[in-house]
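Peer 1: My structure is below; once you've seen it, I'll send some questions.
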Amino acid sequence: MLSLVLCFFVMFLLGVAVVVLSPSPYFSALGLVFVAVSGCFIVLYHGGTFLSLVLVLLYLGGMMVVFVYSAALAADPYPEVLGGRVIWFFVICVLCICFAGYMSFNDFFLDVSVACEGADYTGGIFGAEWLGVTTFYEVGLILVLAGWALLVCLFSVLVVVRGVNRGALRAV
C-alpha cells in the first residue's frame, strides 16, 4: 500500500512540474487535474474521506471553471507543447529522489507498521472531520458566504484576465 501512496506522490510532483513549466494554459490545466486527483487520493489514504471529496469538488469544479475561462480568453492558435531537455532532466531527478527516499525509508515504515500492529486501536465510526461537516451545515449562513466568496473570486479573475479591450469579444 505504501507503493501506491508513493505513486500518487510522484504523480503529484509531476503534475506540479507540468503546471509550473508549461508554456500553454491547456497543458497547465491537465497538470492541475493530476495534482488535484493525486492530492485527494493521498488525503483519502490518510483517512480524510470527506475532505478528499470536498477537495476534488473544489479543485475540479471551481478552479477548473476559472481555468477554462482564462484559457478561453487567452486562446493561442498554436499552443506550445511541454518538452525540452530541462524538463526531462527535472522529471528524471524527481523520480530518482522519490525512489531513493522510498528505498531508504522502506525499513523504517515496516518497523512502524509492525509496532502498531499489536496496539489496541479502537477507532470509532465518526472521525474528527465530521465535526466540521456538522458545523458547516448547522448554520446556513456559512454556506451562503462561501458561495458568494467563490462567485466574487470568479468575477475578479475574469476582470483581471479580461484585458484592455472588449474581453472575450476581442478575437472577433
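One-based numbering along the chain as shown.
Here the Cβ of each residue, glycine as well, is placed from N, Cα and C on the backbone.
Among the features that Swiss-Prot reports, transmembrane segment is placed at 1-21, 25-45, 48-68, 86-106, 108-128, 141-161, with the record citing sequence analysis.
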Peer 1: Report, as numbers and ranges, every residue of the chain located at least six residues beyond the transmembrane segment (86-106) whose Cβ falls under 8 Å of a Cβ in that stretch; write 'none' if there are none.
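Peer 2: Tertiary neighbours of the transmembrane segment (86-106) are 2-3, 6, 9-10, 13-14, 17, 21.
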Peer 1: Below 8 angstroms Cβ to Cβ, which residues of this chain, lying six or more residues outside the transmembrane segment (25-45), approach it?
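Peer 2: Hits for the transmembrane segment (25-45): 1, 4-5, 8-9, 11-12, 14-19, 51-53, 55-56, 59-60, 63-64, 67-68, 70-71, 74, 79, 81-82.
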